[in-house]
Amino acid sequence: MEQRNQTPISEFILLGLSEEGELQPLLLWLFLSMYLVTFSGNLLIILAIVMDSSLHMPMYFFLSNLSFVDICFTTTTIPKMLWNIQTQSKVITYAGCLSQIYFFMLLAGLDNFLLTVMAYDRFVAICHPLHYMVIMNPKFCGILLLVSWLLSVLNSLLQDLMVLQLSFCTQLEIPHFFCDLNQVIQLACSDTFFNNLAIYLASGLLGFIPLIGIFSSYSRILTSILKISSSGGKYKAFSTCGSHLLVVSLFYGTGFGVYLSSAASQNSRTTAIASVMYMVVTPMLNPFIYGLRNRDIKLALKKLFS
């Protein structure tokens, strides 16, 4: 056990994706480009939905919220990473690190819940089309969104408060491009049993339960689609949820990829590189998936530009 640092810490060191100097300009322009594409693409989705009254429906209400969350999700980490590369500084303040942990947990949780709610929305639309507008009324949609926010806020606040109770050693280097909760906990000199327990419980309750809900919704959707006699009807039914299913696959696929890479490799830098797919690439691809596959969104974007 390392000797504890008796004085309150003021900062951490983010080692980033690479310490090679010649790669820094490439990383700067690569991540700046991806961030701008993510920001502008999701902003266009929001504007298209807000400006087109024909898209004022539950499905697009949740999609606009998902786009907003994706903008905030990347903004939590990427601008600080770009600033550190540009200024050749690796420092993040203690308060800034706690803020990153809080907003990362909050927005990742919101992504998770919104995808679950959108799966339920598609289940109601396909399996109970005659009662869709009755079930998915504005009040119920507002309640679903409010519950998603409350659960995410409570979880991220709990994780942040528990980090505040930790004492840290003199080794304060984080082998990542942002303040990852697991990496920060590993730097602590004090007992981290309850921190790890909170992470496992939150992953089980707020991660796997929504995933079970998504699987349940799509298993019923698949059963309903198979009962449709005409091939045209099957295609139309599947096309309404194809974009969402692809986004869900990307979100959970990259998330599990990060988990497996951290479990299989002792190299934290490998985990950091894998997390780029989860934190940057997936939010960047979401507008393209909905914009290219969804006819209503394509029409709304054409109206917006015209």
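Just so you know, glycine gets a Cβ as well, placed from its N, Cα and C.
The stretch that TrEMBL tags with transmembrane segment, taken from the ranges 62-81, 162-181, is 62-81. In this chain, the transmembrane segment (101-120) lies close to the transmembrane segment (237-260): three or more C-beta pairs between them fall below 8 angstroms, excluding pairs fewer than 6 positions apart.
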